[in-house]
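As recorded in Swiss-Prot:
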{"type": "MOD_RES", "residues": "16", "note": "N6-acetyllysine"}
{"type": "MOD_RES", "residues": "16", "note": "N6-succinyllysine"}
{"type": "MOD_RES", "residues": "127", "note": "N6-succinyllysine"}
{"type": "MOD_RES", "residues": "127", "note": "N6-acetyllysine"}
{"type": "MOD_RES", "residues": "141", "note": "N6-succinyllysine"}
{"type": "MOD_RES", "residues": "141", "note": "N6-acetyllysine"}
{"type": "MOD_RES", "residues": "159", "note": "N6-acetyllysine"}
{"type": "MOD_RES", "residues": "169", "note": "N6-succinyllysine"}
{"type": "MOD_RES", "residues": "183", "note": "N6-acetyllysine"}
{"type": "MOD_RES", "residues": "183", "note": "N6-succinyllysine"}
{"type": "MOD_RES", "residues": "256", "note": "N6-acetyllysine"}
{"type": "MOD_RES", "residues": "256", "note": "N6-succinyllysine"}
């Protein structure tokens, strides 16, 4: 059975229910949170049953997924209370179009088995990417206080070093800056990623530092799941703590709007892990997962 959730009441109940399953449900919780705040990406939430759902899938409307090669748009966020038994639901052709290039995102590494099994059945190849998920301390305090029990947060800690404000000006990104983000984004560098970046800039709060030329030298964006993403710094401005300043400022901005604040870092990116530690972001290992699926 497949049940699209209609109306504000159902979606608010879903958000409340997902909140009880954090941090395992974070990627879906963040997406549903923004569906309930105007749904700027025009997404839908589908469950296997209601109200006692086992699995929830959030994805774009069918009419928005017309490009079979655009996995940036053809993206599904998934949370399951029963990852071992969600394979049948995920395999339903009305739910996920396995003939497209697509990506699945989840805070649950345990979904891997179901996705790998489906790859064999539906004949597509799958590449899993796993990263460290970080939650801002303020968000963790509100949503998952148990994650902070063993953490000692200094009351005035978590702030970046001051920057030269004569030289750099805090600002927001403009859609004309998308090419810059696309050039340095690990998952980007193509025409479809450029369109996705443009949409994120037009839709969600962004943050950047403008350099002496009045153009961005460092930036941070947000995606449809509410995650801070695509941070970058021009090579000649690296190692000056600018990205720490931008991410701190962006997190403050999102926090003031009442948004859950979280991000991810590659296991090999020690500089960004150190930065997350400086800003007192709370690490949740193995909790950022993406599966890129390509039909054979």
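For all residues, glycine too, the Cβ spot is worked out from N, Cα and C.
Taking only the Cα positions, the spacing between residue 169 (N6-succinyllysine) and residue 159 (N6-acetyllysine) is 18 angstrom. Taking Cα separation as the measure, residue 127 (N6-succinyllysine) is nearest to 183 of the modified residues 16, 141, 159, 183, 256.
The modified residues recorded for this entry are 141, 159, 183, 256, and the Cα of 141 lies nearest to that of residue 16 (N6-acetyllysine). For residue 141 (N6-succinyllysine), the same-chain residues that are 6 or more apart in sequence and have a Cβ closer than 8 Å to its Cβ are 148. It is 29 Å from the Cα atom of residue 183 (N6-acetyllysine) to that of residue 159 (N6-acetyllysine).
Counting only same-chain residues six or more apart in sequence, the Cβ atoms lying under 8 angstroms from the Cβ of residue 159 (N6-acetyllysine) belong to 248, 279. Under the three-state DSSP scheme, residue 127 (N6-succinyllysine) falls in the strand class.
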